[in-house]
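Going by Swiss-Prot, these are the annotated features:
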{"type": "CROSSLNK", "residues": "582", "note": "SUMO2 cross-link"}
{"type": "DOMAIN", "residues": "43-114", "note": "domain 'KRAB'"}
{"type": "ZN_FING", "residues": "248-270", "note": "zinc finger"}
{"type": "ZN_FING", "residues": "276-298", "note": "zinc finger"}
{"type": "ZN_FING", "residues": "304-326", "note": "zinc finger"}
{"type": "ZN_FING", "residues": "332-354", "note": "zinc finger"}
{"type": "ZN_FING", "residues": "360-382", "note": "zinc finger"}
{"type": "ZN_FING", "residues": "388-410", "note": "zinc finger"}
{"type": "ZN_FING", "residues": "416-438", "note": "zinc finger"}
{"type": "ZN_FING", "residues": "444-466", "note": "zinc finger"}
{"type": "ZN_FING", "residues": "472-494", "note": "zinc finger"}
{"type": "ZN_FING", "residues": "500-522", "note": "zinc finger"}
{"type": "ZN_FING", "residues": "528-550", "note": "zinc finger"}
{"type": "ZN_FING", "residues": "556-578", "note": "zinc finger"}
């Protein structure tokens, strides 16, 4: 395998803007490790590695750190493909353990840079590699700036090596004018603008036929010849380049890169190339590091532990996100609503709420979602899959979060407590929903009628009133409902199930809301009060009916005669007058009959012809007699309303 060497200008970091230099350096290493047809040289892991100090590491954000980790590990895997290493680099060990790479950097003395010697090299020896015992795995890579090797050049050698300095793996004959020199010992240091330069004039022997010029070596920077700045056009171009400039442009998205290898790496995201495949399940990944993390799912390995609660994770990035729960840190803020998030992926998903973007579409029904997990969960409606099963009762669920909430029913755990009324809940979402009863907040508005709701699910059910959609059908009787909850309650009519028992009188109910209303009989609670007269009611619909007395509203109209009624039950009774087709004199309003008729009074009149009539149904008795005996002196004719 062949990988391109970083271009010479990439090895020199600008000291004018440390943050920009770090970003550029990090972007550049993402291009290493891809093939290009150039001349070759041997390369060790150090040649494709970039280290950071603790201060520099702190300037990188999470995506940049993740990119650094992915590229470093992938480059190491590429080196391994050519043969087993003598030892694993420390930075790789730290990255695999999820540790920060700056923590392993050794201290480097701040003394004078070890001397370098430039010697004349015969033309026939140019470009010849002088091998020394290698201490790291090496491989062939194309060399940037190949044209330099065809010219008269000097040889770069270390004349004196400090006892604590690591031995280099390779030594090359380098053209002094064309290739900036770099001290490998101080490669990781950063020297500010105007930093001290070390004069190495005594170690420079001019090449025959060239003007002598002192080479000045900056600690941690590249050697250059100040008297001949034009000898380093590549460095000058790199430092003078703007932040948005680039030579290689992506045809898909227009993003520009300084190296063609960086562009090749970027194209993976468009092509979705997944070269790394799991042997267990066959799932493929774009990066080798993603495959390593995925394998921990099969092995169950969770090497990263939270120091606060002891929770373990298979991925270090997951641990970092988790630790923000303890610290309360939320560094990712939405510019539209100022809502903050602990993870950049959560912010990306949240932004789709504002944009309305729903990129994930169901192939079965065409429904679209703004999150892939929502689409995966939706697919289970079509397949009927419920992979998450409760170990206590065996009940299965389509998503893991529902199982987690359900398990708290068995454990009795209710960790989320309302600060207003001290009521506790087993999930944060239910607490949030409950708190809106105190604040009166109804953030979800219907676009058709403007009605507000405290929960998005309630709004979805309400919208079906306007659309007439009833997607939930009973298999027993074929009746359809707009909500799945209504269907569940309806099914109990067929099964006779009444799972909600009153603890006071042991009366059972098929739905929980009916139990709550019933319990108000025992407690005497009447939470719904009329603002006009102060009368209180135990149920909200009773208050709504009562308020029509004050407003005079009659919203129910008879289609036959146009008469208006304030209650739907009154309209239903009125419509019987039209449907039965009998004389008005023998039609009786069931409500009025039950109000003015005293059961048993007809049979008590001594009429022998009516002794076999069942006295339970007062309406049938009245139809037979066509007479309603008055109460205590009240007289009114048949078919007329009683006088007040």
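Each residue's number is its place along the chain shown, starting with 1.
Heads up, the Cβ atoms here are built off N, Cα and C, so glycines get one too.
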Please give the sequence-distant neighbours of the zinc finger (444-466): residues at least 6 beyond its ends with Cβ less than 8 Å from one of its Cβ atoms.
433, 436-437, 482-483
Near the zinc finger (304-326), which same-chain residues lie under 8 Å Cβ to Cβ, leaving out any that are not at least 6 residues past its ends?
62, 66, 98, 293, 296-297, 342-343
Give the residue counts of the zinc finger (500-522) per reduced DSSP state, in the order helix, strand, coil.
11 helix, 4 strand, 8 coil
By a Cβ-Cβ criterion of under 8 Å, what residues six or more beyond either terminus of the zinc finger (388-410) are in contact with it?
377, 380-381, 426-427
Helix, strand and coil residues within the zinc finger (416-438) as assigned by DSSP:
11 helix, 4 strand, 8 coil
Just to confirm my parser: what is the rounded mean pLDDT across the zinc finger (444-466)?
90
Across the zinc finger (276-298), what are the DSSP residue counts per state (helix, strand, coil)?
11 helix, 4 strand, 8 coil
Using DSSP, how many residues of the zinc finger (528-550) fall into helix, strand and coil, respectively?
11 helix, 4 strand, 8 coil
